[in-house]
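Database features (TrEMBL):
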{"type": "BINDING", "residues": "380, 389", "note": "FAD binding site"}
{"type": "DOMAIN", "residues": "421-543", "note": "domain 'Oxidoreductase FAD/NAD(P)-binding'"}
{"type": "TRANSMEM", "residues": "12-31", "note": "transmembrane segment"}
{"type": "TRANSMEM", "residues": "43-61", "note": "transmembrane segment"}
{"type": "TRANSMEM", "residues": "81-103", "note": "transmembrane segment"}
{"type": "TRANSMEM", "residues": "151-173", "note": "transmembrane segment"}
């Protein structure tokens with residue numbers, strides 16, 4: 001066989017593969033993380049590796065003697081470098097390809113692998129190193145074959161065109177591209193119940209995002225690996241989608257781009273009815289009226305809408321949240337904050353009147369108006385660059401984009417049995433409406449007054465595990481401390497407070513014990529129970545480890 005076709009195949013094959021084709025594979029992987037394009041990336045890279053390997057074998061067939069030491073030492077420095085690097089690169093390519101298929105297997109593994117995020121990073125770093133070496137190798141190979149200024153210019157022009165294409169597809173187009181998210185109008189909405197989901201979609205991958213249910217095909221592979229589905233299946237995902245909370249038991253914390261929601265398109269299944277009614281308005285801009293400090297780090301922010309007046313219903317206790325977004329600064333991330341009905345001004349005034357009535361104070365005035373035009377949120381300050389809490393505290397913007405309320409938990413609280421609440425710091429906020437309802441139950445037993453809001457009595461026992469660093473950090477203490485105070489006056493006690501604090505608190509006794517499984521199980525009083533957890537990552541991960549065998553029974557907020 002003539003050596004000339006083999007030389008051409010070796011030179012031009014490697015130049016086309018590493019000068020052009022490999023960039024097409026990277027563009028496919030970078031521009032869209034969906035399964036289809038990830039597979040295209042893998043197929044392109046496999047094609048590159050196989051043909052590069054064949055080109056290398058062709059060279060070995062043509063000049064096997066160059067691998068002998070005596071002949072190798074006679075080669076010029078360019079050929080020596082090209083030969084050594086080319087051989088090393090072949091070994092790296094094979095290793096990288098095998099590792100790539102390993103990563104792909106782990107991505108699709110139904111059991112999931114919490115280390116997949118590191119595997120992907122290793123694969124990406126090794127891929128970039130191999131990419132740079134391949135570029136240099138193909139350039140040196142062509143330069144040694146065609147040592148003219150025209151060919152040198154041709155090679156550089158090819159490389160520059162490829163680089164410009166990569167910059168265009170990976171940077172410029174994503175910046176200019178507008179998202180195409182399916183907006184479900186009221187007419188298109190299919191109202192469903194949470195209970196029907198477990199019956200109709202028992203074998204499907206479904207999740208809830210802003211009250212809407214999305215059902216995915218079983219073969220849909222999440223770019224972060226199937227371990228994601230393992231943790232977010234059948235729950236509300238907003239806190240994970242916006243990178244606010246780590247997935248329980250993992251170190252996965254990822255803020256999704258504006259294009260990630262495009263993957264929901266075509267997978268809409270239905271809309272869950274929110275238990276808390278709230279006026280719908282297309283204008284989502286709320287004016288920040290004022291703020292006041294509650295603790296050293298937590299402030300109460302009050303917002304007002306020119307067209308919205310809402311009603312507070314203390315009988316509705318399901319945790320809800322609003323989505324907060326900056327209007328003026330795009331660098332500030334989207335955040336979620338709990339909507340607490342019992343902390344709105346009319347409700348606070350009413351509950352204070354009940355407390356005064358129980359304490360037999362005089363001149364008590366009850367409010368009959370549970371409507372409000374002002375929306376209050378507790379927001380904790382974190383000194384993080386471009387953080388939302390820092391933005392709203394320091395810059396004091398006039399307007400904020402507020403969307404909601406969206407239900408955080410769709411599983412109803414037990415009406416009979418024990419509810420165990422484990423929380424730390426601001427993690428108590430989603431449970432305040434539940435605790436406030438429990439307080440109303442106690443007042444209904446102890447007080448007879450026409451102004452008393454009637455609530456359904458339930459055989460429900462609540463155990464609150466609450467952890468704070470100092471007394472100044474207590475939130476909602478007017479509710480749970482009053483609950484604790486009333487216990488000795490009830491026919492049957494229905495509440496226990498276990499407060500963990502580094503320092504002793506005057507208002508009640510505290511413990512320094514960690515919330516271990518053994519410590520928590522000592523407070524079990526009923527066979528039927530629910531466990532809810534909300535708080536910082538350390539607390540959530542600690543509980544997840546302690547109750548690993550009950551991970552499907554514990555609800556994380």
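Glycine is treated like the rest: Cβ placed from N, Cα and C.
Each residue in the domain 'Oxidoreductase FAD/NAD(P)-binding' (421-543) gets a DSSP state, and the totals come to 50 helix, 25 strand, 48 coil. Here the binding-site residues are 380, 389; the one with the fewest Cβ atoms within 10 Å of its Cβ is 380. When pLDDT values are averaged over the domain 'Oxidoreductase FAD/NAD(P)-binding' (421-543), the model yields 88.
For the transmembrane segment (151-173), the list of distant contacts is 15, 19-20, 23, 26-27, 30-31, 135, 139, 142-143: same-chain residues at least six beyond its ends, Cβ to Cβ under 8 Å.
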